[in-house]
Amino acid sequence: MKRRHLPPVLVLLLLSILSLSFRRRLLVLQGPPSSSSSSRHPVGDPLLRRLAADDGAGSSQILAEAAALFANASISTFPSLGNHHRLLYLRMPYAFSPRAPPRPKTVARLRVPVDALPPDGKLLASFRASLGSFLAGRRRRGRGGNVAGVMRDLAGVLGRRYRTCAVVGNSGVLLGSGRGPQIDAHDLVIRLNNARVAGFAADVGVKTSLSFVNSNILHICAARNAITRAACGCHPYGGEVPMAMYVCQPAHLLDALICNATATPSSPFPLLVTDARLDALCARIAKYYSLRRFVSATGEPAANWTRRHDERYFHYSSGMQAVVMALGVCDEVSLFGFGKSPGAKHHYHTNQKKELDLHDYEAEYDFYGDLQARPAAVPFLDDAHGFTVPPVRLHW
């Protein structure tokens, strides 16, 4: 090194030392980064988050079904033989062959009381209004926005917050558990898909504050009971117990209208249709954990996940959505009947043993485990600004 370059180099070195010293003092004064600033970074694997946030073919399909019903559905009712009841038909135009003109195809058929329903035109208008609200919610969520913001609104939907909540799953592991009194001691008890409690009280309790169902349950109730039972007999825990329902098929919104039309003051039909944002949030969480489990178990790229799961039908379980709802309305959440063991029935109240392929139960178990042990690691809930995951306990 030539001597004439030495002084400038020393000057630069001195400035670097002074700058480093100043930065250290500044860091001491400011302290470490706050948790709020660090929480702005999305939780979880970025690629899996991006893939999970894609609503996929299933969402597109249900939107297309709702739009087609809104535009083309017709409703007709006819008296039965002897005029004991009326037959209701929901129909859609359908081309039975490529060259044939479309003809009405029956989508749903119900037997209803003679005088319980409004005229066909008014009933169709009400059905279209329900479909319109359903489509609007889905389209708003499709345009982006923070779907996790729904977590701050859930308490308002139920009218209040609750201190302790029990979400009672339907797993056969509850049989012989003796958890009934422990479940009933909670302020809010959520049960799934109208599972029976009679005969199982010692293990599952009897108290029910909210019934959470998928719309297939309501459809079955309406098909069986609309003719004979007020409000379709779809509130087995009592008419005062509200039902929260997520929509599997848009046509099931007609069942809700029918059951509401046959309700009476002594047999009301309190129904809450889940917010489209809650549906989207649950779908993303379920898909994220399923993607993560697939990558971990197979070593394959996440893009290959569709080889194992058909996106058109993949869906979170009713229990998982009930758990997410409880997170938004409860200060403490306890889960019962969400595990499985060798030889245990799939449902404690039926003889079913096989799990449904459209759900990834193992991935959902991973989600519940994170809620209990690592709540800050749950993706997408971190997008709900101002929301903190309450303590969660798994009792299986």
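Backbone N, Cα and C atoms are what each Cβ position is placed from, and that goes for glycine too.
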Q) According to Swiss-Prot, which of these ranges is transmembrane segment: 7-23, 313-329? A) 7-23
Q.
Fewest other C-beta atoms within 10 angstroms of its own C-beta: which of the glycosylation sites Asn260, Asn304 fits that?
A. Asn304
Q: Tally every other Cβ atom lying within 10 Å of the Cβ atom of Asn72 (N-linked glycosylation site).
A: 13
Q: For Asn304 (N-linked glycosylation site), name the DSSP secondary structure in the helix/strand/coil scheme.
A: helix
